[in-house]
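A short worksheet on the structure shown next.
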Amino acid sequence: MPLNFDNSYARLPERFFSALPPVAVANPGAIAVNRALAAALGFEADWLAGPEGTAMLAGNLVPEGAEPIAQAYAGHQFGGFVPQLGDGRAILLGEIVTPEGGRFDLTLKGAGRTPFSRGGDGRAWLGPVLREYVVSEAMAALGVPTTRALGCVTTGETVYRDGVHKPGAVLARIAASHIRVGTFEYFAARGDEDALAKLCNHTISRHFPEDDTALDLLASVTAAQARLIAAWMSFGFIHGVMNTDNCALSGETIDYGPCAFLEAYHPQKVFSSIDARGRYAYANQPQIALWNLAQLGSCLLSLIGAGEQAVSEAQAVLDGFAPAYQEAWLARMGRKIGIARANPGDRVLIEALLNRMASEGADFTRTFRGLSTGTAAQEFADPQAFETWAPDWRARIAREKDPEAVMAAANPVRIPRNHRIEEMIAAAVAGDYAPFHRLHAALAAPFTPAESFADLEAAPRPEERVARTFCGT
Ligand code: AMP
Ligand code: MG
């Protein structure tokens, strides 16, 4: 099965990566292939689901035209700079050019040790692989820019984590690219001006071909992040590890580690077990994105120009983040309450609802969806908190043409709920993949109510609530 590879990143200078193949696994076992995505990429889904496809997804068969590499990058992790991270357990097989002329990285996550592995084993276990598969595909179905899951396999090997042997797995990930803020930081930290210029040109031609300069690139990435974070916020998504190495220049959500969707709404909500100080709390995400963009800006300064002038130009671009984010947030949150084109005056109404949701522990997804079904008040510990907000809202949407349709398209019925993900993983570890396939199917059409998925639409009972998530690397 010929795949149409054209590996532009592998043509960059050698110091951008380390060329090496994935490390073969003992016994590849098919779990899932994403047939629709395979077809869009120009693959035969049947081939991908067959023995050769399974071997490729496991890293046991390097397809013709691939030039496997591990990419070099650095990153700020929880605010502290690490000058060398890199793909410690991911191998970029190459870039697939689609029949429509799109270009996507095909990466295997959990593909074995690389020169960037540091102390790690280069592998992944089944839990995080299935979690990323389900959540990234759910995000795509919600319309949020994201990397995608092409397929996943078991390795027939075990991985040792937290004192326990767990089943090994590999995730095949598709991304517009894996260029991160941390990729720029890697070269900036080394004072490698030549590499920065080449990376800047590469990123522009790949993601923002209408741009000319480093300043244009900064502006485009800033706009893309503003849109992305507004989308996250509107679905209650908490990324959990917004380190600069997990911030993609393409504007896609990348690296689903300890991510989680809000259930009982609270702006300071944190799930990640490693985020002890709440740096990446729900409400902090916009300012963290801006912080990450500022790191990108400082990497680009020498390409933007000289001295104070470059700093003030970069600063002016970064100053555009807040208004762009606010505008995108208002548009999305407005639609969630039935306003097709919210104006700045509508912000008070939206914030009043959110404040009440926070103090009454209302489920984020169910409250917004409940606006259409008349069940929103039930989500509040004290329904009066909703009932006293509702008259202003009803008066406002009385001026709208079709608020029901607007809300139905903005408010999902189903999100990947944390307890359902954990159940699905526990079942898979025990050899039962039915809950994985069911969850994935349910989340493929997140805006469509379905009796048969009622259990996936319900909020967790108190004893089902998941308080902590783990990156599980
Ligand atoms: P992440 O938390 O997945 O964004 O990963 C942060 C860094 O740790 C990246 O450089 C990863 O490649 C590396 N890493 C994570 N898990 C492993 C592992 N099991 N083996 C080697 N490197 C890893
Ligand atoms: Mg990462």
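Glycine too: its Cβ is placed from the backbone N, Cα and C atoms.
Small disclaimer: the values here were computed from a predicted structure and weren't measured.
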Candidates Lys109, Lys269, the one TrEMBL lists with Gly86, Gly88, Arg89, Asp121, Gly122, Arg173, Arg180, Asp255 as binding ATP: Lys109
Assigned conformation of Arg173 (ATP binding site) - DSSP reduced to three states: strand
Winner by Cβ contact number (other Cβ atoms within 10 Å) across the recorded positions Gly86, Arg173, Asp245: Arg173
Longest CA-CA distance among Gly86, Gly88, Arg89, Lys109, Asp121, Gly122, Arg173, Arg180, Asp255, per record bound to ATP, angstrom: 23
Contacting binding-site residues, sequence order - Gly86, Asp121, Arg173, Asn246 vs ligand 2, Cβ under 6 Å: Asn246
Contacting binding-site residues, sequence order - Arg89, Arg173, Asp255 vs ligand 1, Cβ under 6 Å: Arg89, Asp255
Among Asp121, Asp255 [binding-site residues], residue with fewest other Cβ within 10 Å: Asp121
Euclidean distance between Cα atoms of Asp245 (active site, proton acceptor) and Asp255 (ATP binding site), Å: 9
Proximal residue to Asn246 (Mg(2+) binding site) among binding-site residues Gly86, Arg89, Asp121, Arg173 (C-alpha distance): Gly86
